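Only one structure is covered here, and it is reproduced in the block below.
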2 protein chains.
Amino acid sequence: MASRKNAFYAQSGGVTAVINASACGVIETARANKAKIGKVYAGRNGIIGALTEDLIDTTKESASAIAALRSTPSGAFGSCRFKLKSLEANKREYERLIEVFKAHDIGYFFYNGGGDSADTCFKVSQLADSMGYPIQAIHVPKTVDNDLPITDCCPGFGSVAKYVAVSALEASFDVRSMAKTSTKVFVLEVMGRHAGWIAAAGGLIEDHGIPVIVLFPEIEFDEKKFLARVDKLVKQHGYCTVVVSEGCHYPDGKFLAEQGTRDAFGHAQLGGAAPVVANMVKNALGHKFHWAVADYLQRAARHIASKTDVKQAYELGKAAVQLALKGHNAVMPTVDRISDKPYKYKIGMAPLARVANVEKFMPRNFITADGFGITEPCKRYLKPLIQGEDYPKYKDGVPVYATLKNVPVAKKLPKFDLK
Amino acid sequence: MASRKNAFYAQSGGVTAVINASACGVIETARANKAKIGKVYAGRNGIIGALTEDLIDTTKESASAIAALRSTPSGAFGSCRFKLKSLEANKREYERLIEVFKAHDIGYFFYNGGGDSADTCFKVSQLADSMGYPIQAIHVPKTVDNDLPITDCCPGFGSVAKYVAVSALEASFDVRSMAKTSTKVFVLEVMGRHAGWIAAAGGLIEDHGIPVIVLFPEIEFDEKKFLARVDKLVKQHGYCTVVVSEGCHYPDGKFLAEQGTRDAFGHAQLGGAAPVVANMVKNALGHKFHWAVADYLQRAARHIASKTDVKQAYELGKAAVQLALKGHNAVMPTVDRISDKPYKYKIGMAPLARVANVEKFMPRNFITADGFGITEPCKRYLKPLIQGEDYPKYKDGVPVYATLKNVPVAKKLPKFDLK
């Protein structure tokens, strides 16, 4: 691209503790390349911001405000759960995108998200071919689920993994203290609807002497085997910890979390897997239990973010801009692992055609033969990703997290209704 | 007490992120006063260790191992939920305690716990009068619930309060990012069966621009008013966060958590208040929600402990030994606040007779008139308690927490069966 163009950046899907670090990498790198990249416009609420011409002028933010994104969890510009349909199914949306891009002289499209978002980014990357609008679309990987293919890991995951390992360790120490007369089984539910990467991080506490059972979405739940395992661990250690993935399910595909629980009025209750597992243990073995559902706490926990994760999130944002400047389109920067110990990696590149809509599950050799724990290769994989602490600054006892001004760009086009 | 005597120390009730810091204070101060205090024997699993003569010889632990307790959550010697009955109801237990104390030359009794434990400690303190055995019993305050009387605050609380404020802030940033197309209401359940101190800490995030509703056990739950409040905040801000105490209940005393929820087989499910509140919002207002139950994670979260809390936990352990050395019995060291800002306090003393079995609730003027938030006086009270970070050391991405050797003291007495 010869002339200077503006860039569009947006955040998509579930946010993480470090997606703003990627935003920081994108914006700071664009600012350092003003000869080629004009303004960075952020989409308010992801691609919706592009469709509705709801753009944020990031040039109105000071250098220190942008720098503060590096230690702020969540999506500073708002995120969305919105997937572009195919060109055939909804041409109107693509035409609108091009109108907005034209109106604001946008030649670069940076989309920061997971598998669904990679699909959106890929569709945008094809606009030059399909609709004759020249644009370079680069995907910035992000997902706590760690399920994007090709890249060794995904920004957001290392911090959740660290949160889960630390929290499970701490709660297990608690249970160990109480087991004589009180709680014997502690159940922690973590995210991961299809892939068990986050749950796997709970398995790391085994190396700290904790009897732990991990329940993965990749392994069909076998109640009898599970209860026998709990029984054995409690008899042996006096207590045990269970880390259950929200996606854990029975052989017929039914989630543990969807046990048909009903309230007093017969209304279906949306519950968690943790209380189901805990009650199962109570009913079968009689042990006193406690359970926790970490939910958003885990993916928002910037206070205990992995330093490795924060660094990679920033580097991948930076790399996305560098790839665009080199003329690439329809690609995603990746983390390519060189070695486990010492941990070495380089930033690589993957074609979006091979990333979009592909989910990477835990390899079977990362899960123990009995299906209840993680293997040494899995531990070697996980440990570098949770290394290092990257503490935010604190004021009055809580972290100082940035809230941007998010000044809107003046609209030039008629209103567009999302359907 | 003229001659040198051994000391008994034990941990009781739910453990915290900083109860071991108090243990550290007790043991280090005893070690510094070897002329008067011989060995410190820790009870394995609280008072049960005394009754069953299951004592741990803390002299077998190195100075560095004891120092490491300062940054280790949970109860290093095991805790218990066990309350001594009255002397009339179970004289046998008191006679046994005296046998064990005599056999091991114990003249000092340090008990580290909350209201129920203060009752046990008080009963032991009366053994000189009631049974002719000379002992000095000092209670070391500890409870995340912050519900002990007289003392301005209780070790354990400041760290939970910090955890709740930080976690609620982080999750609220997450929800704010997603609210356009996804989650609009986030519900966080926190501990506090009778007193709303922990939930109150969630109210602090209001000062960070977060629309938050706090549900206290002290305020009878009014579903209609609550839903109206949620509706108003979501209309105004696009989202809101609800921090609900596990002890939140209806006017008839029924806990929200005990909604008579049943599983597919009709078994009563022990659920949480958070899913009940979340489903209530969904059913009435249709908002997408997420909920979290922090459970043990909150009270074990040493990684985000309040520096003020850790310091006070240590100081109160130290003060307990100093009070004993000055000849006191049946007392508890307290935190006496001098000023909010700058935060100043001194260590005081309270008679156990006025502490045992007394619960301190949130004063009404700490809760807003509408019952859904905290007032300025409450914020002034809370803020100093969550000040400062006291990070543990990390290795391989997780904190280095101490596990002691816990070498048993040789038994001298026949076995004793707990009834």
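First residue shown is number 1, and so on along the chain.
Using the three backbone atoms N, Cα and C, a Cβ is placed for every residue, glycine included.
According to TrEMBL, the feature active site, proton acceptor maps to A:Asp145. Neighbour count (other Cβ atoms within 10 Å of the Cβ, all protein chains): 27 for A:Asp145 (active site, proton acceptor).
Residues annotated as diphosphate binding site in TrEMBL: A:Gly14. A:Gly14 (diphosphate binding site) falls outside any helix or strand according to DSSP and counts as coil.
Look at TrEMBL and you will find A:Thr143, A:Val144, A:Asp145, A:Met191, A:Gly192, A:Arg193, A:Glu246, A:Tyr296, A:Leu297, A:Gln298, A:Arg299 tagged as substrate binding site. Sequence-distant contacts of A:Arg299 (substrate binding site), defined as residues of its own chain at least six apart whose C-beta falls under 8 angstroms from its C-beta, comprise A:Gly14, A:Val15, A:Thr16, A:Ala17, A:Val144, A:Gly156, A:Ser159, A:Val160, A:Met191.
Annotated domain 'Phosphofructokinase' per TrEMBL: A:10-323, in sequence order.
Positions annotated as site 'Important for catalytic activity and substrate specificity' by TrEMBL: A:Asp116. Long-range Cβ contacts of A:Asp116 (site 'Important for catalytic activity and substrate specificity') within its own chain (separation 6+, distance under 8 Å): A:Ser12, A:Gly13, A:Lys83, A:Asn357. Reduced to three states, the DSSP call for A:Asp116 (site 'Important for catalytic activity and substrate specificity') is helix.
In the three-state DSSP assignment, the secondary structure recorded for A:Lys142 (site 'Important for catalytic activity') is coil. Annotation source TrEMBL lists site 'Important for catalytic activity' at A:Lys142.
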For A:Leu297 (substrate binding site), the number of neighbouring Cβ atoms whose distance to its own Cβ is within 10 Å equals 26
Can you name the recorded positions among A:Lys142, A:Asp145, A:Glu246, A:Leu297, A:Arg299 whose Cβ is less than 8 Å from some Cβ in chain B?
A:Leu297, A:Arg299
CB neighbours of A:Thr143 (substrate binding site) within 10 A?
26
Students should find that the Cβ of A:Lys142 (site 'Important for catalytic activity') has, within 10 Å, a number of other Cβ atoms equal to 33
Neighbour count, 10 Å Cβ-Cβ cut-off, for A:Gly192 (substrate binding site): what number do you get?
27
Please classify the secondary structure at A:Glu246 (substrate binding site) using three-state DSSP.
coil
A:Asp145 (active site, proton acceptor) and A:Glu246 (substrate binding site), distance between Cα atoms, whole Å:
12
